[in-house]
Amino acid sequence: MVNSIFYIIMGPPGSGKGTQSQRLANHLGLPHISSGDLFRSAIKSATPLGSKAAEYINKGLLVPDNLVWEIVQETLNKPGCKSGCIIDGFPRTLDQAVLLNDFLVKSNAADYRVIQLDVSAEEIISRIHSRFICPACNYVYNQSQGFKECPTCHVALIRRSDDSLEVIHQRLESYEKATVPVINYYEDLGKLIHIPSETSPDEVFQSILACTEA
């Protein structure tokens with residue numbers, strides 16, 4: 001990979017990293033790799049790895065590193081990612097971060113950057129508990145928007161099984177425990193950029209663009 005562009009978008013559940021990752025991918029003309037979407041696709045296809053991952057995701061727990069890396073690496077090795085990509089939802093543990101760093105360095109993509117979306121726990125709980133998704137296109141809607149079906153796909157919106165209050169708290173606890181070492185790792189490497197993310201999605205995106213274009 002020559003002159004490839006890789007951005008890793010990190011943040012707690014409900015921080016908007018999926019939305020911002022897709023917007024950045026569209027802006028830069030790069031693929032958007034969402035580990036969550038990869039897992040859900042594997043689960044829907046009932047692959048052996050997908051079935052194992054489902055047991056963890058539905059309980060709000062982190063998927064073991066060996067399952068995560070095998071799924072993500074397979075996608076990163078595809079021709080479409082040769083010029084770079086936007087990675088969302090990975091890595092979530094220090095071991096995953098080291099594996100990804102080694103992979104990117106060997107792929108001549110050592111000049112990657114990590115964007116951390118900072119959001120308070122109170123805001124996260126409010127966001128997640130009021131969100132619904134389209135099962136066809138995975139677009140996320142807020143309850144305050146008043147939609148009962150996706151305006152694009154005309155499919156009824158649903159709440160993900162891992163968006164219940166109990167599971168939200170479990171996910172936040174799991175995220176905090178596993179991800180702090182990842183943040184410290186990227187800070188030590190000089191890769192980390194903090195973006196305050198409790199403003200509007202448009203304002204957050206402008207802050208991200210300012211960092212990527214600096």
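Any Cβ shown, glycine's included, is placed from N, Cα and C.
Taken from Swiss-Prot as is:
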- Gly14, Ser15, Gly16, Lys17, Gly18, Thr19, Arg131, Val140, Tyr141, Thr199: ATP binding site (BINDING)
- Ser35, Arg40, Leu61, Leu62, Val63, Gly89, Phe90, Pro91, Arg92, Gln96, Arg160, Arg171: AMP binding site (BINDING)
- Cys134, Cys137, Cys150, Cys153: Zn(2+) binding site (BINDING)
- 34-63: region 'NMP' (REGION)
- 130-163: region 'LID' (REGION)
Next on the checklist: Of the binding-site residues Gly14, Cys137, Tyr141, Cys150, Cys153, which one has its Cα closest to the Cα of Leu61 (AMP binding site)?
Outcome noted: Gly14
Checklist outcome for this item: Keeping only the binding-site residues of Gly14, Gly16, Gly18, Tyr141 whose C-alpha lies within 10 A of that of Cys134 (Zn(2+) binding site) yields Tyr141
Checklist entry - Using an 8 Å cut-off from the Cβ centroid of Cys134, Cys137, Cys150, Cys153, can you name the remaining same-chain residues around the Zn(2+) site, in sequence order? => result Pro135, Ala136, Asn138, Tyr139, Glu149, Pro151, Thr152, His154, Val155, Leu157
Checklist entry - Measuring Cα to Cα, how many angstrom lie between Gly14 (ATP binding site) and Arg160 (AMP binding site)? => result 12
Next on the checklist: Just to be sure I understand the packing, how many Cβ atoms besides its own are within 10 Å of the Cβ of Cys153 (Zn(2+) binding site)?
Outcome noted: 14
Item to check | Those residues of the chain, 6+ apart, with a Cβ under 8 Å from that of Val63 (AMP binding site) | outcome: Phe39, Ala53, Tyr56, Ile57
Checklist entry - Looking at the binding-site residues Gly16, Arg131, Cys137, Cys150, which has the shortest Cα distance to Arg160 (AMP binding site)? => result Arg131
Next on the checklist: Return the count of C-beta atoms lying within 10 angstroms of the C-beta of Ser35 (AMP binding site), excluding that atom itself.
Outcome noted: 21
Checklist entry - So which one is it: of the binding-site residues Phe90, Tyr141, which has the fewest other Cβ atoms within 10 Å? => result Tyr141
Checklist entry - Expressed to the nearest Å, what is the distance separating Ser35 (AMP binding site) and Gly18 (ATP binding site) at their Cα atoms? => result 10
Checklist entry - If you count other Cβ atoms within 10 Å of each one's Cβ, which of the binding-site residues Gly14, Gly16, Gly18 has the most? => result Gly14
